[in-house]
Ligand code: NAD
Ligand code: IPM
Ligand code: MN
């Protein structure tokens, strides 16, 4: 019987609230799926800063490196607004991504049939939507050096962030985009700003070259990222896989979240390259949303993005595709039955709490499993 080691990093704000519901789903799978799970929990973000004065400890990093998959809740909040930049809660997440070399961030935006009226856009625009934003996650302006604030001779300050990409970094994310497209609708849209950025010029050239040499069977289209943002809300069903850099991918995926009804719906998988010997990838799974300080502690958080992130872990790290289908199917069933957390509820409709949504999903898994 297969057994998987999972490291749970709940984090701050609503992170622990949505992670508790994932715990419920893991327990169910442990009992019923034929595979077992060993879970360990550690601190990250503000909670790690409060305990250890760093956003993640070396010991927690070692556990993350060794786990079959890391499940991450969310980090950050006003309490830590003035802590030094290097140890801000968000630095813990950035260290996990960089040190584990998790360069490929898959952010699927799927509009569940029952939620076609929950989006701020018209039903016709979002109904049946199933697109994938592939965000490069370990390069670009997030990590480029120099990255600093310096005081000039005249006392003024100058802040610098550096947008930096190498051929290798673009090649490997382009390959992931084309491989994913082959399993979907065979189309890749690459977004950059080659009209103003040198990194955009190189991005465009490298994606084009990889396509020509290895993936000419896949349809490739290039779009300037600002126009891409507009197209994403005008007619999102024109897209299949969107591949883009770290910063554009961050912004475009929050936009895409609203096509599905709520930011509380979008899961993600951050994957490294397959190990040369074992073929296994390092991986971290997290909702696209943050710690939502405005609703933390109020039992209002939608746990679906976090639970669907576990679904992605089952698919990509645990060789449990059927169990992943079961989780996704249970989410669809619960939504079809009209159960809604506050972020999804229509005006005047009764909303359920975070826990009630988690329990409903586990009951739906029971029902599907017979
Ligand atoms: P946010 O994603 O936390 O919240 C944006 C809005 O969406 C809020 O109104 C929030 O209530 C709502 N929302 C988010 N998730 C929800 C859910 N599951 N259910 C219902 N509503 C939900 O973004 P923000 O407010 O800009 O950032 C808050 C903090 O989170 C910041 O410190 C930021 O750095 C951090 N953050 C962390 C992550 C992460 O850990 N991966 C991601 C994004 C932001
Ligand atoms: C995300 C978040 C992070 C990012 C922050 C918390 C570092 O917004 O995962 O989308 O900017 O990548
Ligand atoms: Mn973001």
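Positions of Cβ are set from backbone N, Cα and C atoms, glycine also.
Per TrEMBL, domain 'Isopropylmalate dehydrogenase-like' is recorded for 5-361. For the domain 'Isopropylmalate dehydrogenase-like' (5-361), the predicted model reports an average pLDDT of 97.
Counting every protein chain shown, the Cβ of residue 292 (NAD(+) binding site) has 24 other Cβ atoms within 10 Å. Classification of residue 292 (NAD(+) binding site) by DSSP places it in coil, neither helical nor stranded. Residues or ranges marked as NAD(+) binding site by TrEMBL: 77-90, 290-302.
According to TrEMBL, the feature substrate binding site maps to 97, 107, 135, 226. In the three-state DSSP scheme, residue 97 (substrate binding site) is classed as helix.
If you look up TrEMBL, you'll see 142 (among others) marked as site 'Important for catalysis'. Secondary structure at residue 142 (site 'Important for catalysis'), taken from DSSP and collapsed to helix, strand or coil, is helix.
Look at TrEMBL and you will find 193 (among others) tagged as site 'Important for catalysis'. In three-state terms derived from DSSP, residue 193 (site 'Important for catalysis') belongs to neither a helical nor a strand segment and is classed as coil. Listed in sequence order, 200, 224, 225, 226, 248 are the same-chain residues six or more apart from residue 193 (site 'Important for catalysis') with CB atoms under 8 A from its CB.
For 226, 250, 254, the entry in TrEMBL reads Mg(2+) binding site.
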### Message
Just to confirm: which same-chain residues, 6+ apart in sequence, have a Cβ under 8 Å from the Cβ of residue 142 (site 'Important for catalysis')?
### Response
94, 246, 247
### Task
From the binding-site residues listed here (85, 107, 135, 250), select those whose CB sits under 6 A from an atom of ligand 3.
250
### Task
Determine, from DSSP, whether residue 107 (substrate binding site) sits in helix, strand or coil.
strand
### Summary
Expected list for ligand 1 (Cβ under 6 angstroms, recorded positions 81, 107, 142, 296) reads none
### Message
For a Cβ distance below 6 Å to any atom of ligand 2, name the binding-site residues from 77, 81, 107, 250, 254, 300 that qualify, or say none.
### Response
250
### Message
What does the structure give for the C-alpha distance between residue 254 (Mg(2+) binding site) and residue 107 (substrate binding site)? Integer Å is fine.
### Response
10
